[in-house]
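**Q** Pasting the feature list from TrEMBL:
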DOMAIN    1-360  domain 'FMN hydroxy acid dehydrogenase'
BINDING   Tyr25, Arg165, His255  glyoxylate binding site
BINDING   78-80, Ser107, Gln128, Tyr130, Thr156, Lys231, Ser253, Arg258, 286-290, 309-310  FMN binding site
ACT_SITE  His255  active site, proton acceptor
Amino acid sequence: MGEITNVMEYQAIAKQKLPKMAYDYYASGAEDEWTLKENREAFSRILFRPRILIDVSKIDMTTSVLGFKISMPIMVAPTAFQKMAHPDGEYATARAASAAGTIMTLSSWATSSVEEVASTGPGIRFFQLYVHKDRKVVEQLVRRAERAGFKAIALTVDTPRLGRREADIKNRFVLPPYLTLKNFEGLDLGKMDQANDSGLASYVAGQIDRTLSWKDVKWLQSITSMPILVKGVVTAEDARLAVQSGAAGIIVSNHGARQLDYVPATISALEEVVKAAQGRIPVYLDGGVRRGTDVFKALALGAAGIFVGRPVVFALAAEGEAGVRNVLRMLRDEFELTMALSGCTTLADINRSRILTEGDRLRPTPRL
């Protein structure tokens, strides 16, 4: 495989190793894939303002998320069907995240159940939730996650319908026959069958509750004591509503650019959401992070931490658990180096003055 020097190199290896249908499912975005490209490119338009002659011999990257102490502000985002990438699937990801001292978020549509992931050993885990039409299924799932020791719910709110993912339509995407949605085993929820377009899109259309609204955040709070993160916010208006609804936090996400195309990159939407939240609840970023420099930029714009998704799945496909461990290690090392070269010794040192956005560059420079 040669020496992997950054997390992006895993994607090419995954493309070689995986069947086309599986690779395309993980890699593709919605429609023209403009947002998919923009999720990455928007980071490249943010520049640093490093400070010099600061003692950076000791750097502290530790932080806490919803009261849970973690080793770094880099966490694992929920990604579905991980056993399609590697036989160990979510088991490997859970063990790697735990070894890195950080949080793993398990997808509702995982190929390992909440109980199976809990059985891999200790670790802080969040559960990503899609709300099904049958609310009894939702209640059962949430209670199972709570019993299995999961610490928070990441409620996905941007998927009343599945985005138009043309690669999946071309491939007639369907879950391989040897895999199942483990969290729904034994429940009469139908199967993901071959369809005229994407089997997943047809399945989702039959299962996911399109009536989901802000009142359901309150309903969720009534059935669990776990804090609820609202995942899929990209505007100030919705950030304010998330605060009012009693959410414990916000995850700025455009679903990996897989839902509505031509929404802004998450890093471009972040500052608007942070300002609207006014420090009342933490705001996290999910989408497009491939470098430690990206992590720093997100924190400088007010994120309390970031979630990383596709690099984890591609590394899983390439090298299993070792690959996921390597992704988390590389991002951590790059982030630490970025802090040192920017003159930051703690996360509190990372603030808006450390970066220059496109908007800043368009404004006249004040005379000193």
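Note: Cβ is positioned from N, Cα and C throughout, glycine not excepted.
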**Q** Going by Cα-Cα distance, pick out whichever of the binding-site residues Pro78, Arg258, Gly309 is nearest to Arg165 (glyoxylate binding site).
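**A** Closest by Cα distance to Arg165 (glyoxylate binding site) among the binding-site residues Pro78, Arg258, Gly309: Arg258.
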**Q** Restricting to the same chain and to sequence separations of six or more, state which residues have a Cβ under 8 Å from that of Ser107 (FMN binding site).
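**A** Listed in sequence order: Pro78, Thr79, Ala80, Phe81, Gln82, Gln128.
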**Q** Find the shortest Cα-Cα separation between Tyr25 (glyoxylate binding site) and the binding-site residues Thr156, Arg258, Gly288, and name the residue that gives it.
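**A** Closest by Cα: Arg258.
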**Q** Taking only the Cα atoms, work out how far Gly288 (FMN binding site) lies from His255 (glyoxylate binding site), in Å, as a whole number.
**A** 10
**Q** Over the domain 'FMN hydroxy acid dehydrogenase' (1-360), what is the model's mean pLDDT?
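**A** Looking only at the domain 'FMN hydroxy acid dehydrogenase' (1-360), pLDDT averages out to 93.
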**Q** Taking the Cβ of Arg165 (glyoxylate binding site) as the centre, count every other Cβ atom within 10 Å, in any protein chain shown.
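**A** A 10 Å sphere around the Cβ of Arg165 (glyoxylate binding site) contains 24 other Cβ atoms.
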**Q** Work out how many Å separate Gly309 (FMN binding site) and His255 (glyoxylate binding site) at their Cα atoms, rounded off.
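**A** Each residue's Cα considered, Gly309 (FMN binding site) and His255 (glyoxylate binding site) end up 10 Å apart.
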**Q** Can you give me the Cα-Cα distance between Thr156 (FMN binding site) and His255 (glyoxylate binding site) in Å, rounded to a whole number?
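**A** Given the Cα positions, Thr156 (FMN binding site) is 9 Å from His255 (glyoxylate binding site).
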**Q** Give me the long-range Cβ neighbours of His255 (glyoxylate binding site): same chain, 6+ apart, Cβ under 8 Å, in sequence order.
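**A** The answer is Thr156, Asp158, Thr159, Gly163, Gly232.
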**Q** Name the residues of the same chain, 6+ apart in sequence, whose Cβ is under 8 Å from the Cβ of Arg258 (FMN binding site)?
**A** Ser28, Gly29, Ala30, Leu36, Gly163, Arg165
**Q** Hey, what's the Cβ neighbour count for Pro78 (FMN binding site) at 10 Å?
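**A** Its Cβ shell of radius 10 Å holds 26 other Cβ atoms.
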